[in-house]
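Listed features, source TrEMBL:
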type	residues	note
COILED	49-76	coiled coil
COMPBIAS	1-14	compositional bias 'Low complexity'
COMPBIAS	809-819	compositional bias 'Pro residues'
COMPBIAS	951-961	compositional bias 'Acidic residues'
DOMAIN	592-650	domain 'CBS'
TRANSMEM	105-126	transmembrane segment
TRANSMEM	146-174	transmembrane segment
TRANSMEM	253-276	transmembrane segment
TRANSMEM	288-309	transmembrane segment
TRANSMEM	334-356	transmembrane segment
TRANSMEM	377-401	transmembrane segment
TRANSMEM	442-465	transmembrane segment
TRANSMEM	477-496	transmembrane segment
TRANSMEM	508-532	transmembrane segment
TRANSMEM	539-559	transmembrane segment
Amino acid sequence: MSSQQNGKTKNKTGAGKGKGTNKPEEPSELGYQHTLMYGRYTSDLAQYAKEESRRLKILEKKRKRDEKLRKKELRERYRNPYVKAVLKGLSYLWQKSFARLGEDWVFLAILGVLMAVLSFIMDWGISMCNKARIWLYMDLNYHISIQYFAWIILPVCLVLFSAGLVHIIAPQAIGSGIPEMKTILRGVTLKEYLTFRTLFAKVIGLTASLGSGMPLGKEGPFVHIASIVATLMTKLQSFHGIYENESRSNEMLAAACAVGVACCFAAPVGGVLFSIEVTAVYFAVRDYWRGFFAAGIGAMFFRLLAVWFQGHETIKPVFKTFFGSEFPYDPQELLVFAIIGVLSGLFGALFVWMHRQYVLWMRGNKRLNGFLQKNRFIYPCVVSWFIASANFPLGFGQFIAGDLTTHDQVLTLFSNFSWTKTNFTVEEVSVMRHWVNPHTGIFINLTIYFVVTFFLFIVASTLPVPSGNFVPVFKMGAAMGRIIGEAMHLWFPYGISFSGDRWPVVPGGYAVVGAAAFSGAVTRTISIVVIVSEMTGQITHIIPVMLAVLISNAVAGVLQPSIFDSISMIKKLPYLPDFIPSSSAGAYNITVRDFMIRHVKFIWYSMTYDELKGVLKDNRTIASFPIVDSPDGMILLGSIPRQHLIKAIERHIGRERRIQCAGQWRLETAEKARVEKERLRLIELQQRRPSRFEVIPVPTIVTTKPDSTSVESVRLTDPTLTLTGYERGSGGLLSPTHDGRPKSILKKTNSFSLHNFGQFPSKFHPYMTVTGAEDRLRSAFHTIFQKSTQLPDANPEAGAKEDSRKSPSPTPMSPPPTTPKKVQLPSERVIDMSPEEQKAWEEQEMARAVDFTKCPIDAAPFQLVAGTTLLKVHSIFSLLGINHAYVTATGKLIGVVAMKELRIAIEQCNSGTFRRPSMAVPRIETTTDGVEDLEGLGGSKDELNSLDSALDTEAEETTDDEGQRLS
């Protein structure tokens, strides 16, 4: 490309020198201009290089794709017949067996197996990182400083690696992923959240961040990973039908969320229920079997891999417990379990509030935020160093069991013996030594563990790495329950007396109840009851667990939203909060006209393009506009998306139509000029006296086109021979007298050749005299052919194909052909308007009425009547997944409601601060001058007053119906 460009530049330079002038050349393809000294480039060479590189990459991809298809064809053509027979048999077996089950069953089974394998591999990687850290700490015991360095170096490196990986590859992999999946299942498209890049960054980054020992979880990110895997599978050729159907695609995403939870804790039933509670407001019953089937396959295969590769005897729970089933708890202990639920609700709400406040403080501090954005690795390095130092076993970590992994900490907290007794077995001592030290006791250590984990997790959750929220919350709840259980065992060492029998208190049962209650309070889910039962393998404590979870949910629901809704609020994702039971009565009395937007931006029929442009320019954030019959009638006829309105304006005054109109103008002007010229010529012929001589065109320039073969052969034999010399030969094609016409009186002198310019001129004035005009004509021809190289082709692709078709292909033995320096005339001149003509034409066209027939109009946008209650609006938005709805009264558009207004109304209703507007619809106001002021709607005073009274009557009837239904 560079050599060709240099060749073009040199050619133009030589032509300029031949003229003998110092006039700068026209800019070339790269904008190179000749100046008085060296010349300059007026275009950006870097931009040209980028475009050229992009074009070469596209060509390379196309070449590889074609080569791959060619190899596939050859492979199929010359494949071994035995291999063909085997493949044909497998295909027949597939069609007669598994294909009959339906692609949904096969898809879900493959999804469950893939997620089980992926979860097992990630757990193995996390375990290897934790073991390597403990091994470094135990092996380098020469000095405490060396042990400290060995303890903190691996977590810091892993966190920095994870932060850098997700920042470079896919920043969408940061965080949990459950709030984003909840938004996606509502119908909102989030860019790059379900791509392979995000999957790669999420898997590697999550393995590194959990392997570092940070107090983070796995459940939320794994829900996101399962959703990405399901999305990528739907794009395969075998399951392409799922991808094309949006409804089926959402069903598979809902099943994938259940698989993600099931493969984390081997809890298929709890995983399905958890996914329903967390990711969906309304769940379709037809998706129930899909979730259970995929979750069951995933959980079973996940535990089978542990049996096959980790030496487990059989399939067993993740956190195996050994509580007695004969008398697990006393009925009087249910009161204590209820107290655990209340405390869990309070601390869970406090945790969600402090987490949101800390994140908002981090984002609101502009100086700190700007510094961390410029130095992205300082914050992860400092936080990981601080958390690793806090868990150092020879330092503060001796109070919080810092030498244990997260899995081992939960196992020891669920142990079924009391830590306050005096005599211990050898196995019990191995468990107790991590929670006891010479300075403090059990209660102080557990309290420190709860408080430190509480605050460290809030700080660690702000790290720019993939992280979950479930496991750290689960640990905090287990520690709080263990404290209460040990206190109960200390107060009642021989158990609570019931019917004359005494059964000892099991502190591990209190830890299980506390873990479930605290997790339920933070996540606002009830399915945690089933998840805990499946994780621990205990069903004996399901009643106290359910009691504590229900109470904690009720307490936390009054105070704060769930952690996932809180993250959605921080990220400003579209979501709808739930109604608080105490405020649900007010939701029946609030109607949509109390919180709708009354000043609706709309378009109407018979509006001009200029008015449409003004509406689009003033409302850049509106994605769809309602269309009405007229500003006075306001009858809603449909809605049109913004992009189609913009395309309508571009189609009306775009370049294509402008060139078309310009060409039509030129044709009309040329036709008028031709008619006028013909008229003047006839008048001149009538007035001119007759002449004895006839003036004919010069044949060497105008009339006769030479045969290229004969001319080239003569030129090759005699290079000095010109067209005029060849014309004088006998029998030449350019002889002016071979057809017997009279000879011209014009004497031809100083004949010249046009071959130096590459082509013959196409058109001259029929009575042109060339005597003595060689210099002027040569200069004119040179200017014409030089400017023709700068004119764009109307169809460059067709011209390129024609050139490639005309150029001969070189033979294999011939040397590589050189690129000829030729000038290509445009196949079609592009006629455009001048800036003044274009401005006048656009003003004229923009004053025309808009043609909406070419725009796709949604004739039935979702509408609400003005008397619809707030509770109904919430149900409709949640069930249908819509983002906005128009409010009408007797067919007239009076307002619009979006998700933002609905969310604000629900939040105000829950807090009891909702205030009705002073008037439901715009009324007629009389000014001090006695002039009636029509606000909002068009129309007369009687029409607006009748409309207002109709709305009042409709609202009263709706309220009466709701009151009868409640009574």
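Quick reminder: no glycine exception, Cβ is built from N, Cα and C everywhere.
Computed from a predicted structure; not experimentally measured.
Two recorded stretches are said to be in contact when at least 3 C-beta pairs lie under 8 angstroms, sequence spacing 6 or more; the transmembrane segment (288-309) and the transmembrane segment (105-126) meet this definition.
In the predicted structure, the coiled coil (49-76) carries a mean pLDDT of 82. Among residues of the same chain six or more beyond the transmembrane segment (539-559), those with a C-beta under 8 A of the stretch's C-beta atoms are 323, 325, 328-329, 333-334, 337-338, 340-342, 344-346, 348-349, 352-353, 509, 512-514, 516-518, 520-522, 524-526, 528-529, 532-533, 578, 580, 582. Counted over residue pairs separated by six or more positions, the transmembrane segment (253-276) shares at least 3 Cβ pairs under 8 angstroms with the transmembrane segment (508-532), which defines the two as touching. Across the domain 'CBS' (592-650), the DSSP tally of helix, strand and coil residues reads 22 helix, 16 strand, 21 coil. Between the transmembrane segment (442-465) and the stretches 377-401, 477-496, 508-532, it is 377-401 that has the most C-beta pairs under 8 angstroms.
Long-range neighbours of the transmembrane segment (377-401) within the same chain, counting only residues 6 or more positions beyond its ends whose Cβ lies under 8 Å from a Cβ of the stretch, are 137, 144, 147-148, 151-152, 155-156, 159-160, 163-164, 212-215, 371, 409, 412, 434-435, 437, 440, 444-445, 448-449, 452-453, 456, 459-460, 462-465.
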